[in-house]
Amino acid sequence: MLDPTLLRQQLAKLAECLSTVRGFTLDVAALEALESERKRIQVHTQELQSLRNSKSKAIGQARSKGEDVSSLMAEVAAFSDDLKASEIALEEIRTELEKVALGIPNLPQQDVPLGADERDNVEQARWGVPRTFDFSIKDHVELGACHGWLDAESAAKLSGARFTVLRGPIARLHRALAQCMLDLHVRQHGYEEVNVPIIVNADSLYGTGQLPKFEEDMFSTQLGEHRRYLISTSEISLTNLVRNEIIEADRLPLRMAAHSLCFRSEAGSGGRDTRGMIRQHQFEKVELVSVCKPQESEGEHQRMTRCAETVLEMLGLPYRKILLCTGDMGFAATKTYDLEVWLPSQGMYREISSCSNCGDFQARRMQARWRNSVTGKPELVHTLNGSGVAVGRAMIAVMENYQNADGSITVPEVLRPYMDGLSRIG
C-alpha cells in the first residue's frame, strides 16, 4: 500500500505517475468525491462526539450536586442515534477508501526502465555459454518419456491438467535440487531455514498484496465459516511472520529461506506452456525473504539476487539477469531482477527466479515495523523476496543442458552427494 498522504495531498500527480509508469488508471474524480465525503462525515462525527462529551461532563457535575439530570439525559439520547449512524458511515467510507488504496500498485524506483511489457526489459548480464550439442536434442518431456520419469497421464487422472507425477531417478534429482539449494542459502548465505504453512488466511494475502487484486490466481478451501488459501509462493508465509510486529534494530536484517509447495491457478496464462512442466498448478520453490531497514534495502536486493545467481552457477546452468521495466514488474515490487536459465530445446532463456524489492509497500499493509534506535520510534521496514530458485524449472534445465545422446542425464557434480554419488541417470 502506498503512503496515504500521497492519495490525500498529491492525488493528481500520483495518478499521472501511475498512468505513465505503471499503465494504471486511478479515478481521480471518484477518489476526490470519496475523500470529500469522508471529511464531511468526520467533521460531523467529531462535532457529535464533542457534544456528547460536554453533555456527559455536565451530567456528572449535575449529579455531584444532587440536581435532576433527566433533561440532560434526554438531550444525549436525542443525538446518540445520529452519532452512532455517523460513526458507522465514517467507518464504511474509510473501508471504501482503503479498498481503493489496496488496489493501487507500488511505484517503481527511479532507476527502473520505463516500458510497457517484457519487450522493454533490460538485460544486465549473462553467465555461462550455452552448450553446443553434436546430436539431436530432446526437450524435458521427451527425455522424461524415454524412461517413464514424467507421468502427466497419471497426474491428469488424479488431478487434471498442469500436474505431473515424477518417478524414480528424476524424483530423486528433484529432491536433491531442493536440498542443495536450501543448504547453500542456509550454510553459506546466512538465511534462517523456516518451515511454513502452505495454507494461509486472507489477512496474510492482503499483507503481501495477492488480495484483493489476484484472488482468481489462488486456490482456496473452505474450513467451516472461514476461507483459507493455498500459497502461490512461500513469500506470503515468510513475510507475514513480521505482520503487526515491531522489530528491534539489532535483529535486522532478517533473512529467511523456505522450501515449499506452491499452487497457482494460472488463470491468465491462456494456452501458454501447456506442454511439460514449465507452468504447473503445483510446483516447488526455495524462497528467500529479507526484512531490513529502509536504508539497507537496495544493498539487500543486490545481495539476494546474487544468492539466487549462485544457485545457477553451482549447477553450471547458463543464465542471464534482466532488470524488469515498469510495466512488467509485479504489483508489490518497486524494483525487480529476473534470472532466466537457458533451455536448449527452446533455444531461449526462460524465467527461473524473480527477486524483488518491495520497499515499505507490504510493510504498510502488514504494519510491520522496526524500532529506530536513534529516535526510539517505530518505522516501517522494507521487505524483499526472491526465488532461490524454482525447483521444477531447475530440474528441467538440468535435464536439457546435461542430456546425453543416449537419453541419459549427467548429474551435476554439486548434486552427486545428494544422490549417493550417482554421476548419471537413465
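Cβ coordinates come from backbone N, Cα and C, glycine included.
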Message = Of the candidates Ser387, Ser408, Ser423, which one does Swiss-Prot list alongside Thr233, Ser234, Glu235, Glu287 as binding L-serine?
response = Ser387
Ask   = What other residues of this chain sit with their CB within 8 A of the center of the CB atoms of Thr233, Ser234, Glu235, Glu287, Ser387, the recorded L-serine site?
value = Ile236, Leu238, Ala258, Ser260, Cys262, Lys285, Val286, Leu288, Val289, Asn385, Gly386
Message = Between Glu287, Glu351, which of the binding-site residues has its C-beta surrounded by the fewest other C-beta atoms within 10 Å?
response = Glu351
Message = Tell me which of the binding-site residues Thr233, Ser234, Glu235, Glu287, Ser387 ends up closest to Ser265 (ATP binding site) in space, Cα to Cα.
response = Thr233
Request  = Return one of helix, strand or coil for Glu235 (L-serine binding site), based on DSSP.
outcome  = helix
Ask   = Looking at Cβ-Cβ distances, which residues of the chain lie under 8 angstroms from Ile352 (ATP binding site) while being 6 or more apart from it?
value = Leu312, Tyr319, Leu339, Glu340, Val341, Ser387, Val389, Ala390, Arg393, Ala394, Ala397
